[in-house]
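Pulled from TrEMBL, these are the features on record:
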- 46-64: transmembrane segment (TRANSMEM)
- 76-97: transmembrane segment (TRANSMEM)
- 118-145: transmembrane segment (TRANSMEM)
- 213-233: transmembrane segment (TRANSMEM)
- 242-268: transmembrane segment (TRANSMEM)
- 288-312: transmembrane segment (TRANSMEM)
- 324-348: transmembrane segment (TRANSMEM)
- 383-404: transmembrane segment (TRANSMEM)
- 425-450: transmembrane segment (TRANSMEM)
- 456-477: transmembrane segment (TRANSMEM)
- 497-519: transmembrane segment (TRANSMEM)
- 539-559: transmembrane segment (TRANSMEM)
Amino acid sequence: MKKLQGAHLSKPIIPDLLMTPSDQGDVDLDVDFAADRGNWTGKLDFLLSCIGYCVGLGNVWRFPYRAYTNGGGAFLVPYFLMLAICGIPLFFLELSLGQFSSLGPLAVWKISPLFKGAGAAMLLIVGLVAIYYNMIIAYVLFYLFASLTSNLPWEHCGNWWNTDLCLEHRGSKDGNGALPLNLTSTVSPSEEYWSRYVLHIQGSRGIGSPGQIRWNLCLCLLLAWVIVFLCILKGVKSSGKVVYFTATFPYLILLMLLVRGVTLPGAWKGIQFYLTPQFHHLLSSKVWIEAALQIFYSLGVGFGGLLTFASYNTFHQNIYRDTFIVTLGNAITSILAGFAIFSVLGYMSQELGVPVDQVAKAGPGLAFVVYPQAMTMLPLSPFWSFLFFFMLLTLGLDSQFAFLETIVTAVTDEFPYYLRPKKAVFSGLICVAMYLMGLVLTTDGGMYWLVLLDDYSASFGLMVVVITTCLAVTRVYGIQRFCRDIHMMLGFKPGLYFRACWLFLSPATLLALLVYSIVKYQPSEYGSYRFPAWAELLGILMGLLSCLMIPAGMLVAVLREEGSLWEALGPESCPVAPPTTRGPWQGRGTIQRPWILASAHVSWGNLKGQGTYPRSHGELGRGQDVNSGR
């Protein structure tokens with residue numbers, strides 16, 4: 001036996017499972033496919049890239065907005081609960097899948113070809129999000145260029161876009177601190193600049209009549225896509241160095257803005273509103289849905305970006321430590337951004353003489369109304385404004401790079417011989433296509449379409465994808481096998497907390513939220529505008545399309561197998577088995593890592609030379625294990 005084991009160890013075998021279906025044929029099995037994809041050049045590259053991916057525009061734009069519209073401090077209760085039950089466990093699960101496989105969101109589903117549609121649904125969701133997310137980056141570029149002036153254009157009234165309701169808040173108090181007139185019906189210059197100049201929303205009658213394309217927004221969107229293309233052109237080796245600046249610089253600016261915000265008069269009114277829990281909001285399903293979606297948007301769970309980044313790791317990267325660093329750091333950043341936002345809201349509420357919850361209109365323009373107004377209150381306001389929007393630019397580009405890299409990696413991993421040599425051209429084509437699809441967002445009524453995409457592109461569809469992924473890994477592939485794979489990488493198995501969350505808590509919580517969101521469905525709105533029925537139907541179909549990708553993928557997988565339906569379901573629901581002629585896999589040899597979840601075919605004892613492979617797909621289909629005989 002020892003002699004036989006030595007012979008195996010002296011001549012490592014590369015399993016055929018390392019290749020995607022498009023790789024099959026007469027190929028050289030000694031090719032290191034993982035090396036062709038590229039790798040991070042250092043451990044900090046991956047960690048900072050994950051921080052840059054998770055800590056994005058959502059922390060500044062989405063989290064304060066959701067907390068503002070869902071009871072202030074009460075929103076933190078479901079937020080941290082969802083972080084513990086769903087965020088951290090699913091974050092670790094997705095990193096583990098990517099690191100062990102070194103494959104993208106499509107090719108990784110060799111663990112169970114029947115569920116490959118979940119990978120396609122990920123790409124659909126991340127594609128829709130990338131279209132409108134880059135429009136937000138275009139808004140940031142618009143404000144960035146507008147800051148290159150001696151006086152900020154949203155600092156004063158009297159411009160052609162201002163109305164009679166416009167009032168400069170700096171002079172709203174008399175010498176005794178009393179309000180000289182009723183300010184409840186006034187509008188700040190920054191809010192009119194956003195709605196009437198940048199968006200020019202008065203030129204649209206609604207989502208059905210978007211109006212003309214705004215050439216300045218169109219050019220900003222083009223520039224945004226050019227920047228994104230240049231970021232993904234060189235792959236992870238170059239982007240991994242850029243994040244040393246883009247992932248750390250925003251914290252410096254955010255801290256400076258926070259210090260300035262809390263020193264403004266009335267700032268503590270906003271902070272008190274932010275910290276005081278209004279527990280009656282917790283009875284609304286909307287608050288819990290928003291909290292769960294915030295976790296997915298902020299951590300990027302379910303989008304495939306984490307899986308993609310982890311696929312470029314070395315095999316023994318400590319992703320367990322990285323999981324807690326990124327998730328907790330992301331939560332702290334969101335709260336810090338909330339303090340910076342609400343301190344300014346408190347100041348503006350005192351200036352306007354209205355409650356904090358009525359300071360700004362609800363909508364994604366919160367960061368483009370409140371923060372610009374805060375910049376005008378600082379010395380050298382154009383300089384501070386430029387730094388702030390440059391911070392937003394770096395935050396957005398980190399996340400947008402991950403979205404595009406997810407799509408490119410997933411498709412190129414499926415067709416490596418055709419697309420990897422032409423990865424730059426393929427990336428450029430994707431950017432051009434998404435730019436053309438995003439042109440509707442540059443019209444007068446483009447904000448209505450952006451809100452529609454924001455509400456439906458990754459709502460219930462994202463929950464279905466995450467639930468499917470969790471169940472496929474833990475139930476179909478097997479929680480014991482998955483834990484053995486993690487033990488192979490990290491040297492220890494996940495504890496009871498992760499196992500309980502993966503098996504029960506995470507999917508059950510998401511399923512309950514999914515059902516509750518359907519029962520308590522609330523139509524979309526933007527300010528006082530109510531979306532028509534056809535727009536709501538379009539949004540629902542948008543969310544259903546990603547869900548339908550999963551059964552469609554199952555149907556395609558079954559039809560590609562020969563035999564009856566029952567015979568086809570067996571092999572397609574289990575990992576692809578290696579040929580029996582290759583014998584047991586005894587070492588990593590020249591490949592970077594074993595094929596994902598190799599313990600589906602070789603238990604931990606097999607890696608030490610014990611036992612043999614299952615004989616065929618049929619054995620795997622009956623759920624038999626090598627050593628246990630099940």
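Quick reminder: no glycine exception, Cβ is built from N, Cα and C everywhere.
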Any contact, the transmembrane segment (383-404) to the transmembrane segment (213-233), with at least 3 Cβ pairs under 8 A: yes
Stretch among 46-64, 213-233, 425-450, 539-559 sharing the most Cβ pairs under 8 Å with the transmembrane segment (288-312): 46-64
Cβ-Cβ under 8 Å with the transmembrane segment (497-519): same-chain residues at least 6 beyond its ends: 82, 85-86, 88-90, 92-93, 285, 288-289, 292, 459-460, 463-464, 466-467, 470-471, 473-474, 479, 482-483
Candidates 46-64, 76-97, 118-145, 242-268, 324-348; stretch with most C-beta pairs under 8 Å toward the transmembrane segment (539-559): 118-145
Leading contact stretch, 46-64, 76-97, 118-145, 324-348 vs the transmembrane segment (425-450) - CB distance under 8 Å: 118-145
When counting Cβ pairs under 8 Å to the transmembrane segment (46-64), the leader among 76-97, 118-145, 324-348: 324-348
